[in-house]
Amino acid sequence: MAEPGHTSTDDTPLALHPLVYLQDGDEVTIGRRDTESYAIFPPDGAELVRRLQEGATPAQAADWYEAEYGERADVADVVEALHELGFVRTEGEPEPVAGPVRWQRLGRAAFSPAAWTAYGLIVAWAAVSVIRDPGLLPTPGDLVFSHYYAVITLVLFVVAVPLIAVHEIFHALAGRRLGIRSRTRMSYRFYFLVVETSLDGLAGVERRKRYLPILAGMVADVVLIALAVITAGLVHGLTGRVCLAIAFTTFIRLLWQFFLYLRTDIYVLITTVLGCVDLHTTAVRMLANRVNRLLGRTDRLTDESLWHPVDRRAARWYSWLLPIGYAISLTTFLWGVGPVFLAMTSASLDRFGTGHSTWVQLTDAAVFLVLTFGQIAFALWLAARERLRSRRARLHHVIA
C-alpha cells in the first residue's frame, strides 16, 4: 500500500523523475543521477518500472505484467518502493535541472593518455634511481630521520593528512571524469583521521567503467611514493631523509589495501568484478560457521541459504583471505612499524634514566611518549565507551 499522502491511484499515471537503467547480468540497476539514489530490480520488475515511466497507470502496468509473465504483480509494493527511493515527483516539485559536474574536465585531464604517460615516467624514474642507489629504497629505518622523536611523529602526521587527501581526491576525480558527483569529506573513524569519498553514482555506471575510480587512490599512492623517492635522490640531507620516511609511510598505507578483513579498495574491486552484494559479511559468517562446526557448536551456525547466491559462491574462497589479511597486517606491524616504535619508545624512556640528557631531549621524549601513549589510551577509552553504549542499548531493548 502506498503511504498516506501519496496521491497516485491505480488509474493515475505516476510522475517519475528521469531514471537510468543499467543491465548487469540478471539484475537491473535503476536510479536517479541527480540524487544518487539507486536500487536493484529483477528484469521483470525493471520492465514494470519502464511501463510506469512511459505513462502507464499502475492498473495498466499490472495488466501488462500479467499478460507478459502469466502472473499478477504486486504493483502497489513497487509504487511504494518508488516513492521511498525518491523516484516519484511529488506535486509542485520542479523538474531537476542537470547542471555541469564540477571538476569533470580536471578529472579527464588527470586520467588522460598524457597523464598516464607522466605517471609511468615518474614511476620509471624512481625505479631507475633505486636501482642506481639502493639506499633510496624506503625501509623502516627511514622513519627515524631525526634524533627528536616528537618531531618525527608530528611531521609524519602533518604530512599524512594531505597525502591521504590526494588518495581520496584521485578517487573523486576518476568519478567526476564519468560525470559522477562524488563527494570527499574528512571525518574520524575510531581515533583515526580519515578522508572518505562517496562514489554512490558508480551504481549507475557500466561495471567495466567502475574499476578506475576504485583503483585511482592506489594509483595516487604509487605516484606519491615515486615522487618522494625521486626527491630524496635529488636533495639528500635531512629533506631527503624526510622524503624517504614519507615514501615508507605511504607504502604502508598502500599495503593497508590488502588487509582484506576490512572493506578496502581491493575489497571493493573484488566485489565489483564478481557482482557481490555484501561479500564481507557473508565471508565472516561462513568463516564463523567453519569454526563452529570444527568445535561442534552446531547451535551457533548461520543459515547459509539466506545469503545472496553470488556472495555465497565467492565467500567459499574469499573467507580464507580474511585470516591472510590479518597475517599481512601483523607482518606489516612486526616488520615495518613495530620495531621502530619500540626502539623510539625505549630510547625515550632511557633519556629519563641516564642523568645526562639535556632539557631539550627530555622535553622531546616526554612529548613523544604523551603523543604515543595518549593515542593508545584514547583509543582504549573510546572502545570501552562504545562497548558500554552497546551493552546499555541491548539492556534497554530487553527491558522495553
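Glycine residues also receive a Cβ, built from the backbone N, Cα and C atoms like all the rest.
Since we're looking at a predicted model, the values are computed, not measured.
The annotation transmembrane segment is assigned in TrEMBL to 109-128 (among others).
Marked as transmembrane segment by TrEMBL: 148-167 (among others).
The transmembrane segment feature in TrEMBL is assigned to 188-205 (among others).
Among residues of the same chain six or more beyond the transmembrane segment (211-235), those with a C-beta under 8 A of the stretch's C-beta atoms are 111, 119, 122-123, 125-127, 129-130, 133, 136-138, 163, 166-171, 173-175, 178, 180, 182, 197, 199, 202, 241, 243-244, 246-247, 250-251, 253-254, 257, 265, 268-269, 272-273. The transmembrane segment annotation in TrEMBL covers 211-235 (among others).
Marked as transmembrane segment by TrEMBL: 242-260 (among others).
TrEMBL lists 266-288 (among others) with the feature transmembrane segment.
Among the features that TrEMBL reports, transmembrane segment is placed at 320-345 (among others). Beyond the ends of the transmembrane segment (320-345), by six or more residues, the same chain brings 140-141, 143-144, 149, 152, 248, 252, 255, 258-262, 283-284, 287, 368-369, 372 to within a C-beta distance below 8 angstroms of the stretch.
Sequence-distant contacts of the transmembrane segment (365-384), counting only residues of its own chain at least 6 positions beyond either end whose CB sits under 8 Å from a CB of the stretch, comprise 149-150, 152-154, 190-191, 341, 344-345, 347-349, 351-352, 357. Positions annotated as transmembrane segment by TrEMBL: 365-384 (among others).
Ranked by Cβ pairs under 8 Å to the transmembrane segment (242-260), the stretches 109-128, 148-167, 266-288 are led by 148-167.
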